[in-house]
Amino acid sequence: MFYWLIDLSNTVPGLGIFKPLLNVFRYITFRTGGAVVTGALFVFLFGPWIIDNLRLRQGKGQPIRADGPQSHLVSKKGTPTMGGLMILSGLVVSTVLWANPLNPYVWIVLAVTLGFGLIGFYDDYLKVTKQTHAGFSGRTRLLLELLIALAACYALTRLGREPFSTALVIPFFKDVALDLGWFFLGFGAFIIVGAGNAVNLTDGLDGLAIVPVMIAAASFAMIAYLAGNAVFADYLQINYIAGAGELAVLCGAVLGAGLGFLWFNAPPASIFMGDTGSLALGGMLGSIAVAVKHEIVLAVIGGLFVLEAVSVIVQVASFKLTGKRIFKMAPIHHHFEQLGWTEPQIVIRFWIISVMLALAGLSTLKLR
């Protein structure tokens, strides 16, 4: 919305004198900063009202896993879920205000984010109303996610300003790319769905998921800005994607809304993100990575999410094949709880790992 102030200064009589001031809205960096502040302020202001309403409507709050750490049955009992509504509302408001409304990449990523958020919301609704840890059918959920992801990948190949590359770029190697052709649709959908569920699995402790999401969003804000700038993209020898820089504004909105949410999700949490938030944020990260052609880099920057997902896959596979469990409990953050680590120790150490992985992922931009 603010982006249109540039045109108004040129067309509306009397606003010409403000053109030098309004010209700052041309700059993605300025609007990204504005998106961060707006997203944070929105959640700060409306967060308490949302929490009170969710607590009133949910009653007993999110059901706690009976097979999890016994301390959770006491410390987390009665805490409302669906906190992702706070993040998504702040994200959407901030993006609408600060992003270029004519940019197709912004709308494609927003569609994935809200689509995954809607799936997560329904899952949370079933859990709260039935007071069970299981939501609706896993197969149904995966199918819906896959359909949304496939539609988004197809839209990327058709709605971009220039022909969208279907090549898979290999980090650390100069001019090395694998053209996937139509297989790009399946690969891109796998990245988006995988990211959504990986973040979902990570969201098991107070503050554990939101900070790594913010770190990843900040990292991809930088990547999107560079990929959308022809000069920087040429210098770094990464794919130039016209218009992709606008995704930095969306990443800024996520960072701001995440900061606001962390205020209420910090231990002991007043609200949980729920599938509403974790699925949406993961899907958003996946779709941005696909849009800016840094899918493999997402696996590095979001390595913590990959670790959490792999721990579950390995645990399930091991138990089915051998009848034995490799970890005391999966996802892996619960394994460390069973080893005696306190919740703050796990959360802060995982944050540190996320920062290190983000730095490693960003280093791939230059090391080619």
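Placed from the backbone N, Cα and C atoms, the Cβ positions cover glycine too.
Per Swiss-Prot, transmembrane segment is recorded for 32-52, 79-99, 102-122, 142-160, 176-196, 207-227, 244-264, 271-291, 296-316, 345-365.
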The transmembrane segment (345-365) vs the transmembrane segment (207-227): 3 or more CB pairs under 8 Å: yes
Among 142-160, 176-196, 207-227, 271-291, 296-316, stretch most in contact with the transmembrane segment (79-99) (C-beta, under 8 angstroms): 271-291
Two-stretch contact, the transmembrane segment (176-196) and the transmembrane segment (271-291), at least three Cβ pairs under 8 Å: yes
Proximity verdict for the transmembrane segment (296-316) and the transmembrane segment (207-227), three or more C-beta pairs under 8 Å: yes
Distant-in-sequence neighbours of the transmembrane segment (142-160), which means Cβ under 8 A and at least six residues beyond its ends: 104-105, 108-109, 111-112, 115-116, 119, 166, 184-186, 188-190, 192-193, 196-197, 241-243, 279, 283, 286-287, 290-291
Residue numbers, six or more beyond the limits of the transmembrane segment (271-291), whose CB comes under 8 Å of its CB atoms: 50-51, 54, 62, 76, 79-88, 105, 108-109, 112-117, 119-121, 123-124, 135, 145, 148-149, 152-153, 156, 188, 191-200, 202-203, 209-210, 213, 216-217, 220, 224, 241, 244, 247, 250-251, 254, 261, 264-265, 297-298, 302, 305
